[in-house]
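TrEMBL annotations:
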- C:Thr17, C:Gly41, C:Cys42, C:Gly43, C:Thr44, C:Gly45, C:Asp62, C:Ala91: S-adenosyl-L-methionine binding site (BINDING)
- C:31-142: domain 'Methyltransferase' (DOMAIN)
There are 4 protein chains.
Amino acid sequence: MISDEEILKSKDVPGPTKEEIRCLVLCKARIKKNDYVVEVGCGTGAITIELAKKAGRIDAIDKNIKAINLTRKNLKKQGLLDRVNIIHGEATEVLKNLKNFDVMIVGGSGGKLQEILNIGSKKLTENGRIVITAILLETKVEAVHTLQNLGFKTEIIEVNISKGRILDRGTMMLANNPISIITGYLQ
Amino acid sequence: MISDEEILKSKDVPGPTKEEIRCLVLCKARIKKNDYVVEVGCGTGAITIELAKKAGRIDAIDKNIKAINLTRKNLKKQGLLDRVNIIHGEATEVLKNLKNFDVMIVGGSGGKLQEILNIGSKKLTENGRIVITAILLETKVEAVHTLQNLGFKTEIIEVNISKGRILDRGTMMLANNPISIITGYLQ
Amino acid sequence: MISDEEILKSKDVPGPTKEEIRCLVLCKARIKKNDYVVEVGCGTGAITIELAKKAGRIDAIDKNIKAINLTRKNLKKQGLLDRVNIIHGEATEVLKNLKNFDVMIVGGSGGKLQEILNIGSKKLTENGRIVITAILLETKVEAVHTLQNLGFKTEIIEVNISKGRILDRGTMMLANNPISIITGYLQ
Amino acid sequence: MISDEEILKSKDVPGPTKEEIRCLVLCKARIKKNDYVVEVGCGTGAITIELAKKAGRIDAIDKNIKAINLTRKNLKKQGLLDRVNIIHGEATEVLKNLKNFDVMIVGGSGGKLQEILNIGSKKLTENGRIVITAILLETKVEAVHTLQNLGFKTEIIEVNISKGRILDRGTMMLANNPISIITGYLQ
Ligand SMILES: Nc1ncnc2c1ncn2[C@@H]1O[C@H](CSCC[C@H](N)C(=O)O)[C@@H](O)[C@H]1O
Ligand SMILES: Nc1ncnc2c1ncn2[C@@H]1O[C@H](CSCC[C@H](N)C(=O)O)[C@@H](O)[C@H]1O
Ligand SMILES: Nc1ncnc2c1ncn2[C@@H]1O[C@H](CSCC[C@H](N)C(=O)O)[C@@H](O)[C@H]1O
Ligand SMILES: Nc1ncnc2c1ncn2[C@@H]1O[C@H](CSCC[C@H](N)C(=O)O)[C@@H](O)[C@H]1O
């Protein structure tokens, strides 16, 4: 896992998702070498970078052209640009045109989570997984219920991490905002 | 409990301790109407305000003259100035000259926690309590061990609180840094 | 605040709400000496005990007769039985027959939170407050949205507390489950 | 990452370290394909299993023969037994006889953390990393300070995770105990 500092940021693009959360998302996704992974809302590309190191085929989607450009930059910086198909567009549209995939990562949905999960779930291979990060209370509930209704074995974790700032006078812990990771497994 | 916004701040004085932590400190202190309470490191006076509403006699100590002035201002704003003796000085010196008290609150110690606890514990009445807030890992350990060694029934809690920002698109939780409250009870 | 150990429990009654959460609920409720406070879902009576020490008039409601009996026992143990009206019944029914009150505490709603808030909010005095504790994700969202829709200034905090077990080999922190406290203020 | 349920347990062996913590430990360790990794205190073998999938050579040490046997069983269950050297012994002794390694994971130290870090750090290759999990407050402080003194770039995170139990009436979050992960990087 690369550190947060290595990732190029922009004030117009949310993210990057913090190192520890990227790490947990990747674990929950249980990616295998030949998996076809679709990422909805790639933002800075912070998670995309890690997908690019692990999966067989990666499609990274974002509706914000600035996110698309930043993802491209970050992938290039890591020498991983040729490993990812970067797709500019609204996920609910883009997903429809994709072939079946093994894993869907949802880092942003812009109020369309249900639709994204509905469409995405129909495209999942039989051992497929969906991993969603959520910072809004409402999204957490919506993610759990939608996955449940779609028949997924559903898990939700809430992650509170604080990181030490090691000073002369001692070690001060600084909190990151809580974030939930919701995972749906088909098997 | 007044809200954080009602408390005057200054860039030269740490604090105010957040509402929820003030609330918990007050509960742990189990202050009774006639108690004599000593506060070491009053900072902005945020905790002092609450002590002033509850205890019989309050001494608020700080070595930083700016904290002393700010505490005075905040007490005045709440109409509680005449309820508190505000003392400018190094706690390890000031404590020696005080009569026995029922409760000691330690909001800051500047590397002298052990000395403050040693002196303070000798001045405690038989049912006395000491409540310490700690943000440094090292202070947490030092507080627990010193209280234990001094024969106190010792409790430590670690508090992680996040607060919602209610936006149009949903409720986002923003984390406060973790803080420990260490309490020593003589009985 | 009394300690958790002092409160009588029963396997048929949920609770008691942990000391720190009771403390925070009481702070958020901003109870004044003459306030009329209604508690929906008193359970063991752990919060009721603290209300009985602070408010002018207290009605404690529970639909579970075992909770009612346990609340009575706990109040009696603390010498506070004559301070509280204990009412056995479904809150949505009981609330309708009450006069206007200053504070409503909701510790349980059994799937009827919206109805309880609708009825309760109509009975609130002009400076009234509602404080809700929630452990279910869904209840957190419902509480925030219902209070917002009813015109309350709404606050939500999420509380994660762990408590030290002080062993010979060191201090081990044991986590309590996260709980949210949602508060609605009319002013 | 396999799930917690797949790991064989024993009442005589602490662990397994929860899925999310194993995941974060692995990320922090930044293991490369040919790395030689030493694990001090393998317990159930839960982390060992993941090391066995990633590293070039793995030595798993435990002073408790029951932990050694359980680690063997768990590795066998996952078809990974031939990937690990399992060594029964006190780490402070065993480490001395090992060749230089790239990563040391410390899951338990039994009061000998300083000695283990002193010996281990001398055996680290120039880009080496040490990752320590700590549940005791005292161990957290000791780990940070010892790594600092040994010249490591030191990081500490505190992890509070809760996991949803999805019930008919809603989603209840159940807290895991907080745990710190302390990492030392030589570069
Ligand atoms: N319906 C939708 N279709 C496509 N992209 C969307 C979308 N809703 C939100 N997004 C995108 O989702 C992103 C969420 S922020 C994602 C951050 C990312 N994980 C990182 O580490 O950088 C934003 O860039 C936003 O433009
Ligand atoms: N040894 C010592 N003697 C007196 N004051 C001390 C001290 N060590 C630290 N302090 C004071 O302790 C304070 C800690 S900040 C306290 C914040 C306060 N609880 C609030 O809510 O505003 C600082 O103002 C500092 O000057
Ligand atoms: N609609 C309703 N009307 C009345 N009581 C209700 C209710 N829904 C839930 N309850 C009660 O709410 C309680 C929630 S548990 C409350 C625990 C309490 N705060 C304590 O510290 O002990 C239960 O006893 C349950 O019977
Ligand atoms: N000095 C030492 N040398 C070797 N083993 C030690 C040790 N101190 C503690 N241990 C071992 O460290 C282990 C800590 S528990 C480790 C749990 C493990 N990570 C898991 O997931 O299962 C125990 O089995 C204990 O026997």
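Heads up, the Cβ atoms here are built off N, Cα and C, so glycines get one too.
Just so you know, TrEMBL annotations never went through curation; they're auto-generated.
Shown in sequence order, C:Val40, C:Gly41, C:Ile61, C:Lys63, C:Ser109, C:Lys112, C:Ile116 are the residues of the chain, 6+ apart in sequence, with a C-beta less than 8 angstroms from the C-beta of C:Ala91 (S-adenosyl-L-methionine binding site). Put plainly, the binding-site residues C:Gly41, C:Gly43, C:Gly45 were compared by Cβ crowding within 10 Å, and the winner is C:Gly45.
Annotation for the binding-site residues C:Thr17, C:Thr44: lowest Cβ count within 10 Å of the residue's own Cβ, C:Thr17.
Per-residue pLDDT, averaged across the domain 'Methyltransferase' (C:31-142), gives 98. Counting only residues at least six positions away in the same chain, the Cβ atoms of C:Thr48, C:Ala60, C:Ile61, C:Asp62, C:Ala67, C:Ile68, C:Thr71, C:Ile86, C:Gly107 sit under 8 Å from the Cβ of C:Cys42 (S-adenosyl-L-methionine binding site). In this entry, S-adenosyl-L-methionine is bound by C:Thr17, C:Gly41, C:Cys42, C:Gly43, C:Thr44, C:Gly45, C:Asp62, C:Ala91, whose most widely separated C-alpha atoms sit 19 angstrom apart.
Mapped onto three states, the DSSP output places C:Asp62 (S-adenosyl-L-methionine binding site) in strand. For the domain 'Methyltransferase' (C:31-142), DSSP puts the residue distribution at 48 helix, 34 strand, 30 coil.
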